[in-house]
Amino acid sequence: MGDYVEALGLVFQWHVLLVIGGGTLLGLIMGALPGLTAAMAIALLLPLTFGMPPVMGMGMLLGTLCGAIAGGSVSATLLNIPGTPSSVATTLDAFPMARRGEAGRALGICIVASFVGGVFSAVVLSLLAPPIADFALRFGPAEYFALSVFGLVIIASVSSKSLIKGLVAGLIGLLIATVGTDPVAGVQRYTFNNLSLLTGVNLLPALIGLFAVSQVLKDVVDYFGGGPVEHSKNKMDHARPRWLETLRYWKVLLSSSVIGTIVGAIPGAGGSIGSFLSYDQAKKMSKTPEKFGTGHPEGIVASESSNNALVGGALIPMLTLGIPGEAATAVLMGGLMIQGISPGPTLFTDNGSIIYGIFIAFFVANIFMLLIQWFGIRMFVKVLQVPRKLLMALILMFCVIGVYAVDADIFNVYLMLGFGGLGYFLNRYDFGTAPVILGLILGPIAESNIRRALMLSGGDWSVLVTRPISLVFLLVAAAFLFFTLWQNRRQTTPHS
Amino acid sequence: MKKILSVLGAATMLASSMAMAADYPSKNIQFIVPWSAGGGADTAVRAMQPGLEKALGTTIVVRNIGGGGGAVGFSRAVASKPDGYTVTIPTNATFTLEGLGNVAFTRDDFEFIARVLVEPYVMAVRPNDDWSDLESLVNERKASGEPLRMGASGVGSSTHIVSLMLARELGIKMEVIPFDSGSAAVSAAMGGHIDGVVLNPSEVISAIDGNRLKAIVTTGEERSGVLPDAPTMHEAGYDFELAQWRGIAAPKGLDPAIEEQWVEAVKQMVEDPQFQKTARSIGTDVSPLYGEELDQFVERTSKPLIEEAGAIRQ
């Protein structure tokens with residue numbers, strides 16, 4: 001208790017609050033620009049924290065992380081460009097809603113759902129971190145494989161029009177995921193002696209290409225094809241946080257926040273699938289699953305609450321075990337270690353006030369995220385008043401800069417343009433691009449883990465069903481698959 | 001006459017190089033980190049950055065050129081002009097990449113300026129009734145003939161290669177399982193899915209402090225500053241020594257006068273108590289080495305790594 005009081009004193013000083021707010025704002029801006037990831041934003045600010053006390057420095061970096069995730073949703077909503085992989089699921093409903101002229105409403109829902117998800121995960125982080133971390137440790141190779149199979153089943157659910165076409169798109173993703181050095185034997189596959197492909201196809205250029213560049217291509221074709229170019233007809237009075245509308249879906253909010261936190265806490269589970277899992281789950285629970293994908297608020301709520309809950313979840317193994325789940329938390333952990341604080345179980349006993357200070361700073365960062373977006377929402381929507389042909393040129397420019405900045409490697413830019421072409425055709429013929437991303441993220445996790453699992457079991461496949469967590473995931477995956485097929489059938493039969 | 005000419009020639013060369021060195025550095029220096037932000041090398045460079053900037057009196061721009069497990073960034077670094085405005089961070093990966101045969105550069109394409117930080121490899125295992133130290137572990141495994149299942153940080157990484165070398169040195173069977181990262185391997189070991197890991201101390205220090213893993217042996221010349229209780233291979237009676245290191249290198253052909261300036265800058269940086277504190281915090285030991293001694297160290301370290309990595313390739 002004394003630690004908590006001391007921690008409050010560490011956070012509630014005007015200069016600490018100012019720094020957290022500044023970090024959040026910078027994160028929002030960087031997250032909204034395609035290609036600039038949360039990890040890069042944090043790495044850029046890292047040297048600034050060396051001279052700060054630990055809670056202040058970590059507060060700034062946590063603000064940046066929260067801001068970057070939230071900012072990624074702004075561009076996902078307005079432009080169909082997910083700023084980060086975890087906002088891909090947001091594009092599925094938020095962008096159609098924005099296209100209808102309700103961008104303000106879509107953002108308003110995003111803001112509230114993000115805030116709820118973020119705060120939920122902050123509560124879980126401060127109350128339940130150690131037991132959740134212990135649960136996460138029970139994930140061995142077999143469990144990771146089962147989890148990724150479970151994730152791949154979602155392809156069936158995010159395929160908007162035709163299940164077969166969705167599966168084809170998912171398989172394209174899995175196929176591309178085989179490029180690179182074999183994760184266990186070290187043999188090169190489809191790298192064509194290109195150094196940039198040694199570690200496989202980089203996810204970010206693929207993401208930006210499939211979503212942003214393909215959208216630019218579509219608009220260019222529409223523009224020159226003389227087709228209807230949509231003009232902004234956004235009603236500004238919609239542009240405010242939509243508290244009631246969002247909280248009405250409290251069940252979705254709650255379940256998505258839980259899913260986001262837990263998936264976030266499992267290190268290396270491909271955090272970004274958390275928002276897909278929540279979206280899928282919300283669709284299955286919904287009374288109106290057919291509305292998903294057409295600009296349905298429930299879909300936005302599911303994805304947004306989940307991807308912000310991921311952040312708190314990802315902090316759990318990092319702070320309690322010293323295991324960062326993905327790039328952004330790895331940079332955060334580097335920041336902590338430079339401060340002379342080694343994350344892990346001893347952190348709670350040796351540096352109580354600091355760890356509680358970090359929890360409180362994370363709460364505060366979520367509040368800043370809400371406030372900044374609250375005041376900024378009208379400005380965000382105005383982006384759509386920029387004539388579309390200018391906007392598209394600007395977007396393409398930001399995409400090129402952002403993707404080049406990832407590794408300072410021009411090959412990634414070519415890769416992005418290639419994926420842009422692929423994405424354009426996939427969208428045009430209703431295959432969809434979200435399944436490709438799922439395949440790309442989950443393929444390597446599934447492959448390397450099944451091989452590790454078999455190495456450990458001496459080639460015995462039964463490990464997949466004799467380990468309880470693995471068995472549960474595989475059974476649930478099978479049940480979900482049948483449920484989706486059944487739901488699809490029920491939806492299509494009346495029309496045929 | 002000839003003699004005078006050659007003296008003159010040498011003198012002008014010296015003068016021009018001095019002139020070049022005299023106004024060095026006159027612009028920003030780019031420090032290529034061949035991995036994305038957040039890894040051990042990246043953290044090390046960001047820790048060195050303030051001290052080097054102060055000593056050299058210029059701005060250092062850290063550029064993360066990731067891709068290919070370091071292959072892209074190192075290739076870019078050796079292809080740069082050796083004018084002192086492009087440097088990179090050599091590690092054991094520089095040698096393993098060469099050994100794996102995926103890259104066009106060799107260690108001779110670098111001008112190694114300094115070794116700054118070292119950290120040994122550490123073998124850390126889950127606490128177990130059957131073994132409490134290296135000796136009991138080796139005896140138990142030799143008696144049972146069962147392989148020890150150890151996680152490393154990636155296929156072809158130096159931890160992977162060192163694991164294989166350790167198995168041979170200890171005379172036990174070892175199954176090395178490459179994970180996607182060091183932390184993924186640690187998490188599998190903590191969860192009991194594998195017996196232990198071979199990694200660098202900074203990656204396992206949290207698990208060891210939390211009593212979830214036990215460090216049983218390290219591979220450095222001396223004991224690691226952050227794991228003072230774990231004996232070295234030498235102390236355990238084996239003739240084996242190999243450490244991960246991080247330093248500064250430029251492309252081959254760097255002006256000796258500029259190299260000298262860098263060496264001075266590094267010497268100044270390592271004296272700074274703030275830097276020493278930071279280095280300790282990230283789990284490494286400050287152990288600077290320059291010139292002749294550095295070249296010997298590079299020779300000694302690179303040879304076995306390149307050979308062993310070449311064997312994986314087969």
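Our numbering is plain: 1 for the first residue shown, then up by one each step along the chain.
Every residue gets a Cβ built from N, Cα and C, even glycine.
All TrEMBL annotations are machine predictions without curation.
Away from its own ends, the transmembrane segment (A:12-45) comes close to residues 52, 55-56, 59-72, 74-75, 81, 83-84, 204, 208, 212, 326-328, 330-332, 335, 361, 364-365, 368-369, 372-373, 376, 395, 398-399, 401-406 of its chain (Cβ-Cβ under 8 Å, at least six residues beyond either end). If you look up TrEMBL, you'll see A:12-45 (among others) marked as transmembrane segment.
Feature annotation from TrEMBL assigns domain 'DUF112' to A:17-438.
The transmembrane segment annotation in TrEMBL covers A:57-79 (among others).
The transmembrane segment feature in TrEMBL is assigned to A:106-129 (among others). Residues 66, 69-70, 73-74, 77-78, 90, 93-95, 97-98, 238-243, 245-247, 253-254, 256-258, 260-261, 264, 295, 297, 300-301, 304-313, 315-316, 319-320, 356, 359, 362-363, 366, 369-370, 373-374, 377, 380-381 of the same chain lie 6 or more positions beyond the ends of the transmembrane segment (A:106-129) yet place their CB under 8 Å from a CB of it.
Residues 89, 92, 166-167, 169-170, 266, 268-270, 273, 276-277, 279-280, 283-284, 293, 430, 432, 434-435, 438-439, 441-442, 445-446, 449-453, 456-457, 463-464, 467, 469-474, 476-477, 480-481, 484-485, 488 of the same chain sit 6 or more residues outside the transmembrane segment (A:141-160) yet have a Cβ under 8 Å from a Cβ within it. Residues or ranges marked as transmembrane segment by TrEMBL: A:141-160 (among others).
Beyond its flanks by at least six residues, the transmembrane segment (A:166-185) meets 152, 155-156, 158-160, 191, 197-201, 206, 422, 426, 431-440, 442-444, 447-448, 451-452, 455 of its own chain at Cβ-Cβ distances under 8 Å. What TrEMBL lists as transmembrane segment is A:166-185 (among others).
Here TrEMBL flags A:197-217 (among others) as transmembrane segment.
Distant neighbours of the transmembrane segment (A:252-277): 84-90, 113, 116-117, 120-121, 124-125, 132-133, 135-136, 139, 144, 147-148, 150-151, 154, 158, 246, 285-286, 298, 301-314, 316-317, 323-326, 434, 438, 441-442, 445; these residues of the same chain sit at least 6 beyond its ends, with a Cβ under 8 Å from one of its Cβ atoms. According to TrEMBL, the transmembrane segment annotation covers A:252-277 (among others).
As annotated by TrEMBL, transmembrane segment applies to A:315-342 (among others). For the transmembrane segment (A:315-342), the residues of the chain that approach it from at least six positions outside its boundaries are 37-39, 42-43, 46, 49-50, 54, 57-58, 61-62, 65, 68, 124-125, 129-130, 132-133, 136-137, 261, 264-269, 271, 348, 351, 354-355, 358, 362, judged by C-beta separation under 8 angstroms.
Residues annotated as transmembrane segment in TrEMBL: A:354-377 (among others).
Marked as transmembrane segment by TrEMBL: A:389-406 (among others).
The feature transmembrane segment is assigned by TrEMBL to A:426-443 (among others).
Long-range contacts of the transmembrane segment (A:464-486) within the same chain, counting only residues at least 6 positions beyond its ends with a Cβ under 8 Å from a Cβ of the stretch, are 138-140, 142-143, 145-147, 149-150, 152-153, 156-157, 163, 280, 284, 453. Annotated transmembrane segment per TrEMBL: A:464-486 (among others), in sequence order.
Same-chain residues lying 6 or more positions outside the transmembrane segment (A:426-443) and placing a CB less than 8 Å from one of its CB atoms are 85, 88-89, 91-92, 148, 151-152, 154-155, 158-162, 165-178, 201, 203, 206-207, 210-211, 214, 218, 270, 272-273, 276.
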